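> Marked as domain 'Major facilitator superfamily (MFS) profile' by TrEMBL: 1-300. Summarising the annotation, TrEMBL assigns transmembrane segment to 12-31, 37-56, 122-144, 156-177, 184-202, 274-295.
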Amino acid sequence: MEFLPLKYRGRVALFPFWTFGVAILVGVAYVVPNWRFLHLACAVFCLPSFACTLVVPESVRWLTVTGRLDDAMEALRKMARLNGKQVPLSARSTLEMIYFKRKEERKDGQSYSYLDLFKSAYLLKCTIVISYMWCTMSLISYGISFGADGLAGNLYLNILLTNCVEIPALLPVLWMMDRIGRRWTTVLMFSIISAATVASLVLSMKGISGNDLVAFCFALVTKMCVDTGWNVIQTWGTELYPTVTRALGYGVAATSARIGGMLAPFVINLKSRLVLTFMTISGMSFVAILLCFILPETRLSALSDNVASTPTSFTSAQDVELEMGASREGMQDHDEKDGDPNEVLLSGHVRETVLNGSAPLHNGSPILKSSCA
């Protein structure tokens, strides 16, 4: 995400990589029913991913704030070479300025740990809310996937449908992320999940239609919203955390998702506990809707680099958004007025990576920019 400009983050996050992987897995499992050979086939499919380490460089932001400026410059040269551009002469001084500012803000060059996610009120708020959302999404998603054998019809077809149903919703969700923002898109996804579960609960208790049909329709609608909403939350969480704690926050969120996945078989049962399943999912989704309004919108915000550039208290989401918007508008106005030639030497991808944590170059001198993302 850090290598992408604002307009491309949501698009990449919503690309159905996971869905295509599940579709391939279903096909392989149908052809190779033996679980030992199936595991071996999965391992073989994972091997090409190691080639990515030869192409994708380390985060320039992380290399800079940790003092590895030579490695950061090498990563910039690699990206500029791939894009057919030249690295600006002032790039080194820009990185040095960011590093020294970060060094002053952090005493004795202390490295960050998971404890730092709970020391800052802003990071604590982000960590709790994002982790709860990941846990909820994982519990619902894996619960439906694990319960595919309880749905009417063929097992392989059910798994394929419940995982590919998100594809038609990807473009509308991408449009909403760019137009109404990450927060309201997430609220809409959880609202649809809540409405679907409440409707299914009423139909199931009233005895209207067969339970098999109710469970199948519920599974399709809910899985579509969960999978697309999870992509939105991943983008939102990436933009909320500063660079120095982004990987740590992602790790905590991923751990909470694993906890949700482990609880899924015990909480969600589409075969024998439909009422309890509907009540649990609707209740957790409603809580997630309320938590969405605690976090600020990040649709137009630049990524922040350090903890000092984030709010130091439980600042209201509206106040944070006003600061983000003012910072972003000021940067855009500066770009339009000055049109500094140093910046156009890099492609959009590289420029966002190098200068997202600093203001546009002015008269050849890098000027640091603070951001409350």
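Glycine is treated like the rest: Cβ placed from N, Cα and C.
In the displayed structure, how are the listed features positioned relative to their neighbours?
For the transmembrane segment (122-144), the residues of the chain that approach it from at least six positions outside its boundaries are 116, 162, 186, 193, 219, 222-223, 226-227, 229-230, 233, 236-237, 240-241, 245, 249, 252-261, 263-265, 267-268, 270, 277, 281, 284-285, 287-288, 291-292, 294-295, 307, 310-315, judged by C-beta separation under 8 angstroms.
Note on the transmembrane segment (184-202): residues 133, 140, 173, 176-177, 214-215, 217-218, 221-222, 225-226, 228-229, 232-233, 236, 274-275, 278-279, 281-282, 285-286, 288-289, 292 of its chain, located 6 or more positions outside it, place their CB under 8 angstroms from a CB of the stretch.
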